[in-house]
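Structure, as structure tokens:
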Amino acid sequence: MCGKSLLCVASLLASAYLVYCTQYVTVFYGVPVWRNASIPLFCATKNRDTWGTIQCKPDNDDYQEITLNVTEAFDAWDNTVTEQAVEDVWSLFETSIKPCVKLTPLCVAMSCNSTTNNTTTTGSTTGMSEINETSPSYSDNCTGLGKEEIVNCQFYMTGLERDKKKQYNETWYSKDVVCESNNTKDGKNRCYMNHCNTSVITESCDKHYWDAIKFRYCAPPGYALLRCNDTNYSGFEPKCSKVVASTCTRMMETQTSTWFGFNGTRAENRTYIYWHGRDNRTIISLNKYYNLSIHCKRPGNKTVVPITLMSGLVFHSQPINTRPRQAWCWFKGKWREAMQEVKQTLIKHPRYKGTNDTKNINFTKPGRGSDPEVAYMWTNCRGEFLYCNMTWFLNWVENRPNQTQHNYAPCHIRQIINTWHKVGKNVYLPPREGQLTCNSTVTSIIANIDVNSNQTNITFSAEVAELYRLELGDYKLIEVTPIGFAPTREKRYSSAPVRNKRGVFVLGFLGFLATAGSAMGAASLTLSAQSRTLLAGIVQQQQQLLDVVKRQQEMLRLTVWGTKNLQARVTAIEKYLKDQAQLNSWGCAFRQVCHTTVPWVNDSLSPDWNNMTWQEWEKQVRYLEANISQSLEQAQIQQEKNMYELQKLNSWDVFGNWFDLTSWIKYIQYGVYIVVGVIVLRIAIYIVQLLSRLRKGYRPVFSSPPGYLQQIHIHTDRGQPANEGTEEDDRDDDGYDL
């Protein structure tokens, strides 16, 4: 008896546990959760008058940053923001300079001879070691800038007259042609244009300027940008604890140069180094206290001579000049002090494992055999490509004895340029006529750190893309995923719709991210306001993008921004519709907290509502999302079936429905069906009974009787009874009187 009682009690307890302790999936909309993303960004700028920024969104500096109490991983090299910057700047650069005509006709044999009175690049050591604004060299050609060795070539091609060959004269730098050593005739060598058979070469159609463009990147609606705000961030940080969120990056300027970065926006009153997480690539931000700058100048005049190769094809050449090396660059500022601080900062870097003696840390040039863009400092000055030999400058910075030291570098302008982002070569027009000058602020150094046992070399690099690792490497693009799952004991939820107060304070799109560092319980209490903030921000960003698209309908093909802006808007709409469609498929449309009937899949996995953030919880349940989503969809399908059946029953609950005309027509229809059914049933029953009687030998009642003779019974006379009075009474009823 006692055992049965215990069993009953245990059963009751188990039932109560299943009823009250079972947890169900609850859908939350508006939670501060995100994932890494790689969608196209769009641009914003203040100056929309230039061709490169006319399609950008107007910049109003209204980009507040919100501090997040979270920890995130940042990597300047594995970063979609920096990759997009490199691709976009390259597209703008290529569109601006416009190389377009293939020069395969120049891959012909040429008869060349060297010009006279040529000197080597750095053979002259005369002149002042340092110059400034008041020096004569600043306004004229600097003494000591050697002449570039050039060659004068002749070749024959079919010109406008197809049946005749015409002789052409062309001047090349000696490094732009390759000559056969054992093939000389009359003191002339047989030469070809260098690299003509190894790359696709194009020539510029017209002369264009490459002006720097200032812009910032902005995330589409539904996305955001996180930034590591840690001063010790060095380009790779798996756990950055000082994170801020924004919709746009800082303002940046397009840069295209090797060795140095010009006019960057990351310069501070300190020197810091971004170091690649897996190799020796670095980008060094220079201290702006030292006022480092570069001033480049091309004195004198130049003339351009067009050469008609054939109908519709013109190659632009320049005549032999007594001073082919046309440019030089002067470095201003406290360069020696700045370079010394770079060495000291390198020693303190956590990844540095070399010598601690700054005397054994040297700035060096790349090795021989490198491309010209690597061996020389390459930059663009007013549309002209300068190649500067930095030997004198490095000797001056390092104060190397017995070496030629100058704070300026000799430069020359080239026509054949190696593309800095893709493999290939472009041929541009010779320099435009007149004097050219350009001034820039030096803000960074691109270098590789080569560490030996007792010596460290800081070798200058030609990785132009590294400039954008420094500019945008502390950002990362995220996709806001405001839909979250968590287990609760509530099986279903129903309440009257709550009316929103008019005075709700909206922080903007990033307002709900401010609760990312809060506990899950605290963040869940404000989901209504957060979801309204999220939707309001998305609508606001979409409206801004729509304004841009309306103004750029006729200029979508000019720059890369037109396509990216349209793609950003489409991405935003797709994301919003995807979230709403997903909520609707679960039966949770327009609800901030949606309780379901789906049991929680893992009872051992439960959130800590008081101490765990939504981002931390999301990382734990991410592998369950597919199963949860499928279960929610199946439950919603079953719920819709149940609702359909219930709606069919609900039509009989309302008393007024009984008096509906359409209902009465149905009732009459049903009555006719019933009467006809009863008649048919009676006929069927009668036929069955008739058949059963026939089988037993009975005739139907309604059948005609066969002919027969009626028998009349004749009774014999009996004597008259004595008592006649009683005879009448006693006679047989069956008798007949005759």
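Heads up, the Cβ atoms here are built off N, Cα and C, so glycines get one too.
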C43 - recorded disulfide partner, Swiss-Prot, among C21, C56: C56
From 433-439, 454-460, 538-544, 699-705, the residue range that Swiss-Prot assigns the feature region 'V5': 454-460
Recorded disulfide partner - C240, candidates C218, C228, source Swiss-Prot: C228
Partner cysteine of C218 (disulphide bond, per Swiss-Prot) from C142, C153, C179, C248: C248
Swiss-Prot annotation (region 'Immunosuppression') - matching range among 73-89, 566-582, 583-599: 566-582
Packing count at N454 (N-linked glycosylation site) (other Cβ atoms within 10 Å of its Cβ): 9
Overall pLDDT for the region 'V2' (153-196), taken as the rounded mean: 73
Collapsed DSSP category at N439 (N-linked glycosylation site): strand
Rounded inter-Cα distance in Å - N389 (N-linked glycosylation site), N69 (N-linked glycosylation site): 49
Residue from N69, N113, N362, N439, N454 whose C-alpha is spatially nearest that of N291 (N-linked glycosylation site), among the glycosylation sites: N439
